[in-house]
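What TrEMBL annotates here:
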REPEAT    2-96  repeat 'Solcar'
REPEAT    100-188  repeat 'Solcar'
REPEAT    200-285  repeat 'Solcar'
Amino acid sequence: MALDFLAGCAGGVAGVLVGHPFDTVKMSVSLIPESLVRLQVQSVDKPQYRGTLHCFQAIIKQESVLGLYRGLGSPLLGLTFINALVFGMQGNTLRALGRDSPLNQFLAGAAAGAIQCVICCPMELAKTRLQLQEAGPARTYRGPLDCLAQIYRQEGLRGVNRGMASTLLRETPSFGVYFLTYDVLTRALGCEPGDRLLVPKLLLAGGTSGIASWLSTYPVDVIKSRLQADGLQGAPRYRGIVDCVQQSYRDEGWRVFTRGLASTLLRAFPVNAATFATVTVVLSYARGEEARLEGDAGSATLAQPSSL
C-alpha cells in the first residue's frame, strides 16, 4: 500500500512538470495550465487569444517563459498528494473488490476519482484564480494558500469548495475510464519486463488513457472552470451548474463546450504518459527489489498500477 502512494507521488511530480505550461494556456483560451484556463474563460465578444499557439506566444512575450509556470506551487503541492491518493485508493479498492475485471477496474478508478475531489476542487480553484489575476505588484493573491485563505474569509467553507459538484461529475467517471483504458492497453500491447520497447509502450498507453479520460467528461470541465472563475472580474453571472450550461449554450452555442479541447488533449498525452510510466517504473523497481531481498528471483513481473 505504501508503494502505491510513493509511486503516485513520483508520477504526480513528473506530470505537473510536463503539463503546467499547457494548463496555463488552456485557462487563457478556454481551459490547458494557465493557457488552457485563459482560453476557457475569455470573453466571446472580445477574445484576447486566437488559439492555443497564439496564447503560448502572447504569454511568453508578455511575461517570459516563467509566465507559463505561474501558479505552479498549487498544482505541484496538490497534484503530488492527489496522485498518491488516487493510485493508493485505486490499488486498495481493486484489491478489496477481489477480482481483476474490466468492471472492477472502472469502479476502482471511479472511487479514486471521487475521493480526491476533496483536495482537487480547492486546489483547482486556487490555480484558476492565480492564473487569471493580473501580473505585477497589484495582484490580489500572493500564492495558493493566501488565495484560499482570502476566499475562506470572504465566502467561508462554501467558497473554498466552489465547483465541488461539477468536479465530482467530472472526476468520478473520467478516472474510471482512465484506469480501465490503461489496463486494457498495457495488456493489449504486451507490456512485459525485459521488453526493449517497454517504456515507449507505457508512454503510449498512459498518454492514450489521458486522452480518453478527458474526452469522456470535457464539457463538464468547461463548466467547472467557468463556475470557479465566476465573479473574479465582475459580478457573478451563474446561479449553478444548470444555469451556467444554459447561459453558455445560449450565448456561445455548442462549441463553447469544446473550447480549449485541442489544448487539453495536447497536454493530456505527455502529462499522463509521464505520470503512468513513472508510476509503473517505480512500482516495478520497488517490487523487484522486494523480490531480490526475499530471494525470489522468479517473481519479477511488471507492476501495473491497475492490477496490484
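These residue numbers are counts, starting from 1, taken along the chain as shown.
Placement of Cβ uses the backbone N, Cα and C atoms for every residue, glycine included.
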Using DSSP, tally how many residues of the repeat 'Solcar' (100-188) sit in helix, strand and coil.
72 helix, 0 strand, 17 coil
What are the DSSP helix, strand and coil residue counts for the repeat 'Solcar' (200-285)?
72 helix, 0 strand, 14 coil
Confidence summary (mean pLDDT) of the repeat 'Solcar' (100-188):
88
